[in-house]
Amino acid sequence: MQYHGHVVRSAAALAAAMGIGRFAYTPILPLMTAQAGITTHTSATLATANYAGYLAGALAGSIWPRLARSVAVCRASLVVLVASLVGMPLIASTIEWTLLRALAGVASALVFVIAVNTLLEHLHERPAHLAGWALGGVGGGIALSAVVVLTSGQWRLAWWTSAAAAAVLAAVAWTMHPAPEGATPESSDRPGRRPPHRAFALLAASYTLEGIGYIIAGTFLVAAVAQDAPHWLGGGAWLVVGLATVPSAALWAALSSRWSHPGLLATALCVQATGIAVAGLFGGVTAALVGAVLFGGTFIGVSTLSLAAGRLLRYPRAVALLTAGYSVGQIAGPAAVSPLLHNGFRTAMLVAAVVVSAAALVAGLMRIVGRQPHGWVTESEVADTSGEFVDQGVNRGVVLTPPPHQ
């Protein structure tokens, strides 16, 4: 049962890096707005800095694959991550906050890549749901950050407590050992097939739009829910997002073994757009919880299905290109809606819902253009390409091939 240790350590790393390091800002934002007096422009700037840092870290892992296989880099990134959280309540300068959020983004990206690398090496011959549950660590971290904010009530204390929680998770992940270079089988393309340019262009457009829409919702959901409601409802909705995220990767992996085609991706995007719209349009507990479940249950699934489809299309450096578009979308999203925030956060949520709906429409067009038969990817193939950043040069997973019945 040694592989269970890899699941636990990887899940802890993802909880620290993504659930807290990257997303703790979401439930803390309303507290900083009310107590620290940050403007809507500043809130968008801090979000953009974090996503820009994440893109930089992801690209670094792609350009220098050894970074994603280094124990020293993993541990240094965990330390930087915790330090960036500790620093937030110690200062009150927008410039310094921006720098800290950018550093947190770089560190979270590197830890994410290393954690997925570890999963690919140690679980590639294990049931696919194990990797899915490890990726559920992201949701566990999100839920933990929500509990922290609900029990803090003060923005500085919320950052301190988040840093303490991340430190505990980092200690659990400290002995995580990524695979040495060349330890896992390299990806290869089957000869004799021309890259499907139109299908990949549609996939890239859909995934970039998802990056824009998902990150707007992921950044401002709590603030939008809490805008005209008790403080606890915003934090409670974020807790539900985290809890819904925990089983989502395993769930979508299981669904993909039966309905793995562009229609499943379009369905996931439609569900996500509905959740964002419900949270943005309607007030009250029911709308907040329904929106949180639909959003939390899909955003990792959409990433999983998109990256797996990119690998199956066998377009050159498909996953790297998809990740770049997704990351650029995340940088553009908060900046694009920043002028809309002076009247609150609900309008931004509606924009996010429209953008994700457009992503669903584009994904649906892939079915028409690509004319791909049922079953693009299998459960194990999805597990090997799960997450936000998996690159052929960094995380060499099992080669994607169509299911035997095709």
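Cβ from N, Cα, C; glycine included.
Because the structure is a prediction, the values reported are computed rather than measured.
Positions annotated as transmembrane segment by TrEMBL: 7-25, 45-65, 72-92, 98-120, 132-151, 157-179, 200-226, 232-255, 262-282, 288-307, 319-341, 347-366.
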Close approaches to the transmembrane segment (7-25) from elsewhere in its chain (Cβ under 8 angstroms; 6 or more beyond its ends): 46-47, 50, 54, 74, 77-78, 81-82, 84-85, 101, 104-105, 107-108, 111-112, 114-116, 118-119, 123, 130-131, 133-145, 148-149, 158-159, 162, 165-166, 169-170, 172-173, 175-176, 218-219, 242
Non-local residues, at least 6 beyond the ends, that sit with Cβ under 8 Å of the transmembrane segment (288-307): 135, 138-139, 142, 203, 206-207, 210, 214, 217-218, 221, 225, 229, 233-234, 236-238, 240-245, 248-249, 251-253, 256, 260, 264-265, 268-269, 271-272, 274-280, 319, 322-323, 326, 377, 382, 385-388, 390
Segment-segment contact (the transmembrane segment (319-341); the transmembrane segment (132-151)) at 3 or more Cβ pairs under 8 Å: no
Whether the transmembrane segment (72-92) meets the transmembrane segment (347-366): three or more C-beta pairs under 8 angstroms: no
Region pair the transmembrane segment (347-366) / the transmembrane segment (200-226), three or more CB pairs under 8 Å: yes
Same-chain residue ranges lying at least 6 outside the transmembrane segment (45-65) that approach it to Cβ under 8 Å: 22, 25, 38, 94, 97-99, 101-110, 113, 181, 215, 219, 320, 323-324, 327-328, 330-331, 333-335, 338, 388-389, 391, 393-394
Beyond the flanks of the transmembrane segment (262-282) by at least 6 residues, Cβ under 8 Å: 206, 210, 213-214, 217, 221, 224-225, 237, 252, 255-256, 288, 290-295, 297-299, 301-302, 305-306, 309, 346-350, 352-354, 356-357, 359-361, 363-364, 366-367, 370, 372, 376
Tertiary contacts of the transmembrane segment (200-226) (same chain, 6+ residues out, Cβ under 8 Å): 23, 25-27, 29-30, 33, 43-44, 47, 51, 233-235, 237-238, 241, 265, 269, 272-273, 276, 279-280, 288, 291-292, 295, 299, 302-303, 306, 309-310, 313, 315, 318, 321-322, 325-330, 332-334, 336-337, 341, 344-346, 348-349, 351-356, 358-360, 362-363, 365-366, 369-370
Chain residues in Cβ proximity to the transmembrane segment (232-255) (below 8 Å; excluding those fewer than six residues from its ends, i.e. six or more beyond): 19, 26-27, 30, 128-129, 131-133, 135-136, 138-147, 149-150, 221-223, 225-226, 264, 268, 279, 285, 288-289, 291-301, 304-305, 379, 382-383, 386
